[in-house]
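S.K.: This is the structure I want to talk about, given as structure tokens.
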Amino acid sequence: MGLIVQKFGGTSVGSVEKIQNAANRAIAEKQKGHQVVVVVSAMGKSTDELVSLAKAISDQPSKREMDMLLATGEQVTISLLSMALQEKGYDAVSYTGWQAGIRTEAIHGNARITDIDTSVLADQLEKGKIVIVAGFQGMTEDCEITTLGRGGSDTTAVALAAALKADKCDIYTDVPGVFTTDPRYVKSARKLEGISYDEMLELANLGAGVLHPRAVEFAKNYQVPLEVRSSTETEAGTLIEEESSMEQNLIVRGIAFEDQITRVTIYGLTSGLTTLSTIFTTLAKRNINVDIIIQTQAEDKTGISFSVKTEDADQTVAVLEEYKDALEFEKIETESKLAKVSIVGSGMVSNPGVAAEMFAVLAQKNILIKMVSTSEIKVSTVVSENDMVKAVESLHDAFELSKHPSAV
């Protein structure tokens, strides 16, 4: 048969009972004749607890020592899961990220995987063992332990699936799949049977928290089929692969949204591309991520608006004021309590007028659009936070996302 990589996040292994459930999931695939690799996160909120311990010792602990500390969380899970499998009569073996051959950049706290030596894992799989690997971690060429940052366990699972040429990578979570939008806000949200890599990447980048963008990008680059599944239910989840044929007649596949957005507007800039380049280069050096950008021109002066996360707004203004003389602008204004609402679907490429329909729906609901950004398969709008849920519900209804494609 084939090779399956399974990944269980922190909530899916947050107790002994849940670890037993993960063991049963691995056994079910083993009984089908598959080779099985299981990637796990630290149990529950144990990573947060480790961070709290570090903060109790030091306000600014070194990144190296933080990686040394945080990497221990997954080691607890792999050991317990391996024990659970052995207790059920299955031969299992656990490995840390570095024992599994995962090599990374020398960037503590947010390293990227550079290479995987699969020889140890392949040998154990050939012996018929279920292999358990700690997610979120690896080692540099200089034998320094690193962690992969947010979504690191997802990335570990997909990277191992690619390196081992697995048939599929199953991501087990506390939700049964990828929905047309967040069902906590829109009760009629529907679980998707399938979605393309590109669509999932857009949704992930726009705030859909089911998968980390880096993991989706890895899966797309190496053509690893992903399935997002419930860790507590047995029904099929959402399959993520190259341009899914499952729901082709959907123009819009899903709606993503996030609040706590701030618009920053700079007035009276001296015209010139060099000035704009300086602004965004300066912000990037301070790790401030700029999203939607709008430029206006009035005679010999330029105005520019862009959006940032509200948590970065004060720092953004401080940095710009620091360089005010060099940038030669008149003033800065900010508007907070905004939200970004985006529609995503590969069907937009061949169906003009989707953006116009989106704007018309929002206008009918008296929702003021403050900023707009588009790509081939996405349209994003910035609206008031107070209008966010109404906008999502209205667009979900207008594009009939609650209906199965066969009924649309």
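All residue numbers here begin at 1 and follow the chain in the order shown.
Backbone N, Cα and C atoms are what each Cβ position is placed from, and that goes for glycine too.
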S.K.: Which single residue out of Ser41, Ser46 does Swiss-Prot record at the ATP site shared with Lys7, Phe8, Gly9, Gly10, Thr173, Asp174, Phe179, Thr180, Thr181, Asp182, Pro183, Arg184?
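M.R.: The candidate from Ser41, Ser46 that Swiss-Prot ties to ATP along with Lys7, Phe8, Gly9, Gly10, Thr173, Asp174, Phe179, Thr180, Thr181, Asp182, Pro183, Arg184 is Ser41.
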S.K.: Look at each of the binding-site residues, Lys7, Arg25, Arg150, Arg184, and point out the one with the fewest other Cβ atoms around it within 10 Å.
M.R.: Arg184
S.K.: Restricting to the record's ATP-binding residues (Lys7, Phe8, Gly9, Gly10, Ser41, Thr173, Asp174, Phe179, Thr180, Thr181, Asp182, Pro183, Arg184), give me the longest CA-CA distance in Å as a whole number.
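M.R.: Result: 26 Å between the two most distant Cα atoms.
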S.K.: Measuring Cα to Cα, tell me the gap between Arg150 (substrate binding site) and Thr180 (ATP binding site) in whole angstrom.
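M.R.: Distance between the two Cα atoms comes out at 23 Å.
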S.K.: In three-state terms from DSSP, label Glu74 (site 'Contribution to the catalysis') for me.
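M.R.: Looking at the DSSP assignment, Glu74 (site 'Contribution to the catalysis') belongs to a helix.
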S.K.: Glu74 (site 'Contribution to the catalysis') has how many other Cβ neighbours within 10 Å of its own Cβ?
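M.R.: Within a 10 Å radius of the Cβ of Glu74 (site 'Contribution to the catalysis') lie 31 other Cβ atoms.
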S.K.: List the Cα distance (Å, whole number) between Asp174 (ATP binding site) and Glu29 (substrate binding site).
M.R.: 20
S.K.: I need the CA-to-CA distance for Arg184 (ATP binding site) versus Val354 (substrate binding site), whole Å please.
M.R.: 26
